[in-house]
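Working notes, beginning with the structure itself.
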Amino acid sequence: MVCKLSTKLMNICVASFCKLQQLEKAESIIIDAIRLGTLPDVVTYNTLVSAYCHFVDLDSGYLILNRMKEAKIHPNVITYNSLLSGASKHSLHSKCIELFNEMGTMGIQPDVWSYNILIQCYFRLGKPEEANMIFHSFKSQNLSPCSTTFNTMFNGFFKTGYTHHALSLFRSSQRNGIFTPELLTYNILINGLCKSGWIRAARMILKELKESGFKPNAITYTTIMKHCFKSRKFQEGIEVFNEMKNNGYTYDAFSYSTLSSAFAKKGRLEEAYRIFKLMTEKGIEKDLVSYNILVNMYCIEGKIDKANDLLSEIQEFGLQCDQYTHTTFLDGLCRSGEIDRALDYLKYMDTLGFDSNLVAYNCMVDRLCKVGCSNDALRIFERMEVKDCITYTSMVHNLCKERKFLTASKVLLACLNRGMKVLRGTQRVVVKGLHSLGLYSEARKVQYLFH
DNA sequence: TTAGGGTTAG
């Protein structure tokens with residue numbers, strides 16, 4: 001005798017397979033259930049939309065939405081939140097806004113979750129003002145921001161350089177009693193403040209974290225340790241690592257990678273290798289970032305063949321080399337003076353389909369100059385469609401070193417006219433150089449754009 | 001749906 005499957009039981013089975021990323025099995029459960037006379041409902045379809053958006057892509061989520069409409073089941077706010085989340089996860093920010101507006105035309109009222117994703121989306125698009133407007137529209141929508149809303153606002157403000165806004169929103173929400181900070185909030189604030197250079201404020205927040213009865217976690221420690229290394233307080237960074245270790249927070253590759261990379265940057269390679277050895281002895285597996293640091297260490301030592309072997313090993317371990325791996329290796333080739341090989345590698349990287357190889361190109365331009373091939377560097381520089389402050393600073397700086405001040409000033413003027421800046425010191429060197437060659441009118445042009 | 005580690009200029 002064949003029993004009819006209840007909708008609730010079917011949905012539990014579908015959700016379990018979706019969680020395990022076994023989407024085909026989830027679909028086959030639905031087919032079997034239909035054969036037995038049980039039809040999927042809005043919960044079944046929402047589970048599928050969410051899984052396809054999360055594990056496959058947004059288009060697959062859309063296909064489920066269409067199937068849902070064909071089955072005459074109306075999508076609800078949860079359906080759209082899954083699609084919004086899928087668009088956000090795959091960095092399709094404009095699509096996210098489109099979907100949000102589509103909710104309106106479908107007569108679906110967005111909830112706090114929908115607004116949170118929309119806020120995140122505007123921050124990622126570099127539009128903090130818009131994000132802030134949405135945040136302030138909550139009241140008129142009869143919605144109350146939740147802790148994720150606040151955390152997203154703080155983090156977004158920091159990421160877009162609105163440090164003051166982040167801190168004042170934090171203080172005002174505390175004063176008004178509309179928000180109680182969580183450990184996550186404190187970590188967002190400490191990270192943002194450290195990165196903005198607001199060290200005193202960061203210390204104060206760390207103090208408040210402890211006074212609120214929270215204990216710093218692995219993320220708090222890694223954030224502070226990273227900041228110490230960045231601000232050249234090396235010993236203090238090591239002390240943070242030790243404290244972290246004593247409190248049992250060095251259980252993953254994050255802490256070891258941070259410390260090892262800091263040693264490598266200081267040229268203390270033996271200690272950097274020792275940290276990785278310690279990590280392996282603890283039974284912690286290296287992830288791609290750890291391997292990338294190791295590739296960099298071999299490159300710093302000039303062991304380019306060893307680095308190349310490691311690239312193959314990474315793939316053998318089932319990991320996929322990323323932009324960082326390839327850029328680090330490319331930089332190693334340049335550092336070892338293997339320019340032709342590096343130029344071939346750069347072409348190879350172009351075929352890998354990364355979003356941008358800007359860092360790799362910057363690296364190539366700088367290293368070519370350093371090995372005395374500034375004309376080759378200039379050719380690459382002129383071919384580059386996207387350039388940033390680093391590209392210009394590197395080119396101008398190296399041309400000045402070769403006393404090619406007129407060429408340097410042309411590059412600098414192009415940079416300033418595009419609204420980008422190079423270090424003030426570099427600009428001064430150009431002006432001084434032009435004066436030394438008697439090129440006073442060219443020097444005036446640069447000085448005019450100085451301010 | 002929100003936080004931490006890796007590459008390039010000075």
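Glycine too: its Cβ is placed from the backbone N, Cα and C atoms.
Here is what TrEMBL records for this protein:
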- A:41-75: repeat 'PPR' (REPEAT)
- A:76-110: repeat 'PPR' (REPEAT)
- A:111-145: repeat 'PPR' (REPEAT)
- A:146-180: repeat 'PPR' (REPEAT)
- A:182-216: repeat 'PPR' (REPEAT)
- A:217-251: repeat 'PPR' (REPEAT)
- A:252-286: repeat 'PPR' (REPEAT)
- A:287-321: repeat 'PPR' (REPEAT)
- A:322-356: repeat 'PPR' (REPEAT)
- A:357-391: repeat 'PPR' (REPEAT)
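In the repeat 'PPR' (A:182-216), helix, strand and coil residues by DSSP number 27 helix, 0 strand, 8 coil.
Same-chain residues lying 6 or more positions outside the repeat 'PPR' (A:217-251) and placing a CB less than 8 Å from one of its CB atoms are 183, 186-187, 190-191, 194-195, 199, 202, 206, 209, 258-259, 262, 265-266, 282, 284. Sorting the repeat 'PPR' (A:217-251) by DSSP state (H, G, I as helix; E, B as strand; all else coil) yields 26 helix, 0 strand, 9 coil. Listed as Cβ neighbours of the repeat 'PPR' (A:146-180) (distance under 8 Å, sequence separation of 6 or more from its ends, same chain) are residues 112, 115-116, 119-120, 122-123, 126, 128, 131-132, 135, 138, 188-189, 191-193, 195-196, 198, 201.
Long-range neighbours of the repeat 'PPR' (A:111-145) within the same chain, counting only residues 6 or more positions beyond its ends whose Cβ lies under 8 Å from a Cβ of the stretch, are 77, 80-81, 84-85, 87-88, 91, 93-94, 96-97, 100, 103, 152-153, 155-157, 159-160, 162, 165, 178-179.
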